[in-house]
C-alpha cells in the first residue's frame, strides 16, 4: 500500500513538473504579444462585443454626468415647450393659439403628455438640472436597448462598432444640454425595433408554439411606434419597414397585419384624444393641420444637409417632388431587390406568388417555412429593414436640423458595418459624418459630405448581399 501511495505521489509530481515545463516563459516579448492580442480583440474580435457593453455603459453614464456638471445648459426650445404646456394646462386647446418664444406648437399629443410630466418634475424652468438628469437616463436606456439589438442580430458586430455609438459630441448635446423632444421619439422607436427582434427570436425557436407570443410582441411594437409618432411625426419613416416585418411575422396573413395596424392606430388616437376627440371641430382641425403639417416650409439657414444647394432650389416645389420620388424609389428598390428576394428572403416564393396570395388569400397564413423569418438570420433582417427604412427617409428629408441626428444615429454604426466595406473605410465615413454634424453653421462642404455618407450607407446596404446563404439550403442542412 505504501509503495502504491509513493508511486501515485511520484506520478503527480512528474505531471506537475511536466506542466510547469510546458508553461511559456514570462518575458517582455510574451507580455507584449498578450497585450497586442487583448487590444486587437477589444477592437475587432466580435466575441468581445458583449463583454464591453456594460463597462461602456457605466463609462458613458459618468461622462454624461461630467458634461452636465461642466458644460453650460443651452436654451433653444425647452422654454418654448414649457410655455406651450402652460397654455394647454390653462385650458387652451386650439393649436393656432398655443405658442412660445420660438414659435407655435407643431407636435402631437404624446409630446404634450410627456412634457407635461417634465414640467411637473422641473417646475418649468426652475430645475433644469432635474430635466438634464432625466434625459441622461433616457440616453443611457436608449443606448442599452441599442446594445441589446446589436447583439441579438447575431451579425458578429465588432467592438469598434460599439465604441462608435458613444462618440458623437452632437448627440450628447442634443440629450443632456438641449432636452429636445426628438429623444423620446427615438426611444420609443428603438423599443419598437427591439420588440420586433424579440418576436422574431420567439418565432425562430419554435414557429408553432411561439406564434401567439410573437403576435403579441408585434402588437407591442405597434404600440411603441404609435407612441413615437405621437411625440413627433418623423417616426412615420419606420412604417414601410414595419409593414414588411409585420407581414412576415404574421405569416403573411393580411387580416393579422390589419389588426396590428389598427391596434397601433387606436393607441395613437388614445394619446391624442384630448384634441382628436374634442367636441370643438376647430380644435380637431387645428390639431391635424398643426401637428401633421407635411407642407411646412423649413428655413434655409438651419438646414444641415442641403446647404450645397441654392436657397432658391432648396425652397422650390420641384426639389421637394424630386426628394419624394427618390424616397419612394429607394423604398421600392429595397422592397423588390432585397426584402422580397425569393433566393434569400421569401424561401423561394416569387414576387408574383406573394402578390397572388395577398389578393386571393388575405385571411390565410401563406408564408413559406423557408422564409428568412424562420432562420438564424431573421433578427438581423428585422434590424436591417427597420433601420434602412428610417435612413432612406432621413436621406430624402426636405431639411435636417441639428437635433434630427438623434433620429438615426443609434443605427448608423450598425448600418455602416452592414455595408461590408473595409474597417478603415467605415471609420473614415463615420469621422466625415461626425465632422459634418459638428460644423456650425453648416457649409456647402459639410452638407455635401453628409449627404455623400448617407448615400453610400444606403447604397452599400442595397447592393451588399448580407444574406449570402440561401434560406432553403439552410433548412436542408437543419
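Positions of Cβ are set from backbone N, Cα and C atoms, glycine also.
Note that TrEMBL annotation is computational and uncurated.
Here TrEMBL gives transmembrane segment for one range in the set 303-321, 322-340: that range is 322-340.
Matching 94-116, 255-277, 278-300 against TrEMBL, the residues noted as transmembrane segment span 255-277. Within the set 74-93, 134-153, the record from TrEMBL flags 134-153 under the feature transmembrane segment. When TrEMBL is compared with the stretches 44-63, 164-183, 184-203, the one noted as transmembrane segment is 184-203. Using a Cβ-Cβ cut-off under 8 Å and counting only residues 6 or more beyond its ends in the same chain, the transmembrane segment (184-203) has close neighbours at 110-111, 114, 138, 141-142, 145-146, 148-149, 152-153, 210-211, 213-215, 217-218, 220-222, 224-225, 227-229, 231-232, 234-235, 238, 242, 245-246, 249, 373-374, 378-379, 381-383, 386-387, 390, 406-407, 410.
Sequence-distant contacts of the transmembrane segment (224-249) (same chain, six or more residues past either end, CB-CB distance under 8 Å): 107-111, 113-114, 181-182, 184-189, 191-192, 195-196, 199-200, 203, 214-215, 218, 257, 260-261, 264-265, 267-268, 271-272, 291-292, 331, 335, 339, 367, 371-373, 381-382, 385-390, 392-394, 404, 407. Long-range contacts of the transmembrane segment (407-432) within the same chain, counting only residues at least 6 positions beyond its ends with a Cβ under 8 Å from a Cβ of the stretch, are 44, 142-143, 146, 150, 153, 155, 157-158, 160-162, 164-165, 167-168, 171, 182, 185-186, 190, 234, 237, 383-384, 387-388, 390-391, 394, 449, 452-453, 456-457, 460-461, 464, 466. Sequence-distant contacts of the transmembrane segment (134-153) (same chain, at least 6 residues past either end, Cβ-Cβ under 8 Å): 49-50, 53, 57, 60-61, 64-65, 68, 118, 121, 161-162, 165-166, 171-172, 175-176, 179, 183-184, 186-187, 190-191, 193-194, 197-198, 201, 379-380, 383, 410-411, 414.
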